[in-house]
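Take a look at the structure below.
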Amino acid sequence: MNDLKYIMPHLKRYIPAYIFGILLLMVIDTLQLVTPLIIGNFTDTLMSGNLTADKIPFYMFAVVGIAVLVAVGRFGWRMTIITTSKKLEYSLRNQIFEHLEKLPLNYYNHHKTGDLMAHCTNDVNSVRMAFGPGVVMFIDAMFMGVMTIFLMITRVNLNLTLLAILPLPLIAFFIIALGKHIQNLFKGVQEAFSDLTDNVQEAFSGIRIIKSFVMEKKTLDHFNEKSRENFDANMNLVKLFGFVQPLVGFIATTSTLISLVYGGTLVIDQVITIGEFVTFITYVGMLTWPVMALGFVYNMIQRGQVSLRRINVILETEPEIADANHLLDLYPFVPTIDVKNLTFTYPGAEEPVLKNIHFSVQRGETVAIIGKTGSGKTTLMNLLLKLYNVDDGTIFYNNKDLNDLPIKALRDQIGYVPQDNFLFSKSIAYNIGFANETLEDDQIRSAAEVSQIHEEIMTFSEAYNTELGERGVNMSGGQKQRVSIARALYKKPPIVMLDDSLSAVDTKTEESILGHLKEELAGTTTLIVAHRISTIKDADQIIVLDQGEIVERGTHETLMTLDGIYKDMYTKQLLEEKIAKES
Ligand SMILES: Nc1ncnc2c1ncn2[C@@H]1O[C@H](COP(=O)(O)OP(=O)(O)OP(=O)(O)O)[C@@H](O)[C@H]1O
């Protein structure tokens, strides 16, 4: 029952539709059960010599009429129950996606995209099968089974019925005995599918690397291996079903055999009429389906249960970064940042990557963070955005503790340009105006001008309406960086954070962008992470990180007097530039 915790609210919404569909199904089932009685009656009338030509159309119309009603009714219940189960699938999938979006960055560090895709596709589908066709088949089978047996007893013969249905419980026994095994096999199928999806997703995301390293063969081999595992997992299930279904069919045939032998004897002994015998044999045939259906349903429900559990694991994962219960008001927002004694260790890691960090950024100031690769610059940015949890009393905006501020409202105040310039495979305008519901052409253009990308966008075939390839493949690295900067500026945020966002542009473009940014961002609090000192030379404050600690801080001029890491980096960069110019 606990498994139904998350799906129950969806199911409740569709209960009236389910009830209507189920009632319709029962009416159809009842109608179907009338046909054998008509055929039995026809046989008896025929055998007694009372069948006259004028009676035949009556039988004909009765059989055809029932068949038409059954066809119409079947359409009705399919439309009701199958549509309802599709709606259930739709709302469950949306709930999973919405929940996944709320999960913190760290969740994605530990869960593969392919797995998540499989949850949103295969697992949701299995749940739909269980709650759509599964429910239908279960009710159909139970109702048909009970009604058929009832009619066999009341309209034909009790002893014959009891003897004929004797082998049927064996079927239920087999299917239940195999239940655990089926669950395990199905879990294997779902896992193999997740792996395969993940493999395909990664192979095509990394296709440029694969091609440039001529690793197509290696990737194909790896894919084949995963594909084989998927095939094997499916085959295990197919083999089992291949064994179970004929077995069920065989057991059902023994019922027919008993009916023929014992039923024939009863006819000879004149305990039942030939018409009743024909009705009985038809009912035995009709009973095979409900019994087999119970087997199918059982499997479907097993699959649905495994999938539901996998989905529940996601839905049970709490958004680690939750808003505090008593939030402070963010407004009026003054863009000042204070970091006090901040130490941070990644979840699951042992060593802290940031140690005792403290600094302040005043409104309108530009603070630069520089340091060797792996020194903790991006981590610091991520913490300022609260992409990971931080201790109380370590980061303050506007003199208010980050943990007491509403996350969404705070992030709305920040224009962030990440290190990996992810672009969506939509238009350039969509990418720049991503932060807003509506795309304002003027603002998009002005953000692009400040980022020095407007002129290049105009050379694209459809300018701002040009559709980008996946992850913006039809743009150069530098162009992508500038579109990302434009995306952050479009929001006109009071705080801008640039994480190594100018590394792919040449020094001249960089200078030009920085010049424009300075004008445009006057009054904006800016944090810049950079490797190139030329990017941050004019910052009000430069912080030098080394192995997670601040080792130097000050303006460019003061740092140059220190004879430390900063001066060393600067001297090396100057030398490199000189060599590059001369060569
Ligand atoms: N998700 C993570 N889980 C555990 N450790 C991480 C994670 N992300 C980064 N690290 C570690 O944290 C340290 C700091 O990484 P970070 O990305 O902040 O450095 P950086 O200064 O921005 O480097 P770069 O200049 O190369 O971008 C590194 O040792 C890195 O291995």
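Every residue gets a Cβ built from N, Cα and C, even glycine.
Using a Cβ-Cβ cut-off under 8 Å and counting only residues 6 or more beyond its ends in the same chain, the transmembrane segment (15-38) has close neighbours at 59, 62-63, 66-67, 69-70, 73-74, 76-77, 80-81, 83-84, 135-136, 139-140, 143-144, 147-148, 151, 155, 278-279, 282-283, 286. Residues or ranges marked as transmembrane segment in TrEMBL: 15-38 (among others).
Summarising the annotation, TrEMBL assigns domain 'ABC transmembrane type-1' to 19-303.
Marked as transmembrane segment by TrEMBL: 58-77 (among others).
The annotation transmembrane segment is assigned in TrEMBL to 135-154 (among others).
The annotation transmembrane segment is assigned in TrEMBL to 160-178 (among others). Same-chain residues lying 6 or more positions outside the transmembrane segment (160-178) and placing a CB less than 8 Å from one of its CB atoms are 149, 152-153, 240, 244, 247-248, 251-252, 254-255, 258-259, 262-263, 266, 272, 280, 284, 287, 291-292, 294-295, 298-299.
As annotated by TrEMBL, transmembrane segment applies to 247-268 (among others).
Residues or ranges marked as transmembrane segment by TrEMBL: 280-301 (among others).
Look at TrEMBL and you will find 337-572 tagged as domain 'ABC transporter'.
Nonlocal intrachain contacts for the transmembrane segment (247-268), taken as residues 6+ away from its ends with a CB within less than 8 angstroms of a stretch CB, comprise 157, 159-160, 163-168, 170-171, 174-175, 274, 277, 280-281, 284-285, 287-288, 291-292, 295.
Remote same-chain partners of the transmembrane segment (58-77), defined as residues 6 or more beyond its termini with a Cβ less than 8 Å from a stretch Cβ, comprise 21-22, 24-25, 27-28, 31-32, 34-35, 38-39, 42, 136.
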